[in-house]
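What TrEMBL annotates here:
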COMPBIAS  12-34  compositional bias 'Polar residues'
DOMAIN    150-641  domain 'Major facilitator superfamily (MFS) profile'
REGION    1-52  region 'Disordered'
TRANSMEM  138-161  transmembrane segment
TRANSMEM  216-234  transmembrane segment
TRANSMEM  240-264  transmembrane segment
TRANSMEM  276-299  transmembrane segment
TRANSMEM  305-323  transmembrane segment
TRANSMEM  344-367  transmembrane segment
TRANSMEM  416-439  transmembrane segment
TRANSMEM  451-474  transmembrane segment
TRANSMEM  481-500  transmembrane segment
TRANSMEM  506-533  transmembrane segment
TRANSMEM  554-574  transmembrane segment
TRANSMEM  617-636  transmembrane segment
Amino acid sequence: MAPTSIAPAKSGSGSHNGQDANERTNLLSATLEGSSHGRFSREDTLIDEDTDEDIEANEFDNLLSRSESITTGLGIEPESQATAMLRGPRRYGAVKSKHRASSHASSRRKSFISTNSSILEEVIGEGEEDKSGSKSPFLAGVSVTRFWLIFGGVLVSYFVACFDSTIMVSSHPIITSYFESSNSASWLSTAFLLTSTSFQPLFGRLSDTIGRKPPYVFTMAVFLISTVWCALAQSMISFIIARAVCGLGAGGMMTMGSIITSDLVPIEIRGVYQSYINIIFGVGSALGAALGGAIADHLGWRWEFGIQVPALVICLCIACFTVPKNLGLADGVQKKSLWEAMKVFDYIGSSLLTLSITFLILGLNLGGNVYPWSHPIVIVSLVIFGICFPLFIWVETFVDLPIMPLKLLIKNPRAGLIISNSIGAIIVNAVTFNIPLYFQAVLLESATSSGLRLIVPSIAASTAGTATGFLITWSKNLKPPLVAGAFLILVGTVALSLMQRRMPDWAYLIFLLPTSMGQGFMFPATFMAVLAVSEQAEQAVVTSTLILWRSMGMVLGVATSSLVLQNALFHYLAKFVTGPNRDKVIEEVRKSVKAIPTLDPVYREQVIDSYAASLRATFIMAASLSVIVLLLTLPLRLPKLGHRK
């Protein structure tokens, strides 16, 4: 369905006295912050106190369109765009002009002429109007055609990245066996997770200085090259390094794709396009997990990566020729070269943050899985994190352009949104990680059967996420999906902690649905809300910070649930398992759940009871965290996105 046309409405007087053009949207404030020359009447009449000439409505629209067309990047105010359904009747009052305003408009018109001199821009539509003459609903002066080329490339790159991130689920045994390195399997996911998470904030902040296009194209090129590297790797070490580089490219590419979408889409209709991303995310992730093993079996594992290359080449070409070169730069801000940008870059903060995240993920991912928690690598990793992260917080209080502004984490509503989002990720990943274990260790199902039980909840999560974007766009209310998501996650985790053996299959399905649906409601709504309460100039660093904290929550979800489970299992096995072969049985079932069905019936029942009690403790931990998420969400005061007629 074609997007609804957006018409200019209630624009302020522009940027005066050095005012930053990236102002808070009209959805959040009745007047433009910092503006001292313009105001709005109660009857929606536009009044500019600086001018002394009356202009007609059509002439005003033409001038405004011209100024919007040359405003690339974040320099355009979202309040100047509103769908025809959202805006009320507008009347133009007397408009007076001074010489300074006239000179400013003249210089902007000259910029318009030079900006549109490119033949390519004329072909793909740099101006605000498309070929039919209708107004483009998108920001940064891009036409409808140009937007869909850009956004289409973003969607395809998202699909490939999601496909790539889950393709290893079913095919890593084949790959590790090919290199005769099955004991290195955990490093495949660890290497990807490390780099995809650690470098996300760097690209977001850097793009504020040099524009969105360079880091977007760079990370996509890195992902393309590393994917080819994976397909051609001749050793396990080479393959692991290639996966690490893949993580760098995929994480940066997805972060920049999300930022670019926010640059181009007004917040009023952002939910619809977030729904498109949610659909692609779900489909790409599902197909990667489902087809990875089949491709490896029938075509060979190298083709899992080879088939991604053509799509990435197309996306890279689209990005090079369609993304505006100054996208992401405030109006009037000169684009800096990479060298100039690096002079003001937060090197110390970036280094400390990268080290902190790297060693946190390393310690938590290896501890209890590859090595015992007492292993020197695990201990040293967590100690380095404990030193670097407080230093990072201290450094960020002094720098002029911090990689992660601390105000995002100490002031509501953004602090509440980011922290609740991170804790929500802990809960969801704890559930996702342990539910298959429940079906295999307690119900004695195969890995295939336990995986099939997650299909319907996965569809429910994707459906809820898609619906959330459309609901927010339609209702303009941000808080209901957030509260509904937090409440459903709480209900779901409580239900999981009450699961019993010998329940009917439909009961297990019902118990799994609330958490999945809560995830689908909460995560997209959080993303929309944090953008709505942030200024346009902050949206890159806000987006990368939100994604970073969600990624850390995912890592912590696996680590904390594993820690609770292993300690509880140690306690309950010692309590429930009795008999002459007690120690041997405990050692076997802690190594692999596949040993449980082969046990003597008496021992088998004891071990099953131990696993059931341990997993119940894990779900109770998740339920207690769900209470915190709900308490963080309920007091949040969020704006309403415009007013529907």
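For all residues, glycine too, the Cβ spot is worked out from N, Cα and C.
The stretch with the most CB contacts under 8 Å to the transmembrane segment (276-299), chosen from 305-323, 344-367, 451-474, 617-636, is 451-474. Annotation: stretch 617-636 has the most Cβ pairs under 8 Å to the transmembrane segment (554-574), among 240-264, 481-500, 506-533, 617-636. Fewer than three CB pairs closer than 8 A are found between the transmembrane segment (451-474) and the transmembrane segment (305-323), and contact between the two stretches is not assigned (pairs 6 or more residues apart).
Spatially, the transmembrane segment (617-636) is adjacent to the transmembrane segment (416-439); three or more Cβ-Cβ distances between them are under 8 Å for residues at least 6 apart in sequence. Beyond the ends of the transmembrane segment (416-439), by six or more residues, the same chain brings 408-409, 445, 447, 449-451, 453-454, 485-486, 489, 492-493, 496, 499, 512, 515, 519, 522-523, 526, 529-530, 533, 545-546, 549-558, 560-562, 565, 593, 611-612, 615, 618-619, 621-622, 625-626, 628-629, 632-633, 635-636 to within a C-beta distance below 8 angstroms of the stretch. Averaged over the domain 'Major facilitator superfamily (MFS) profile' (150-641), the predicted model reaches a pLDDT of 86.
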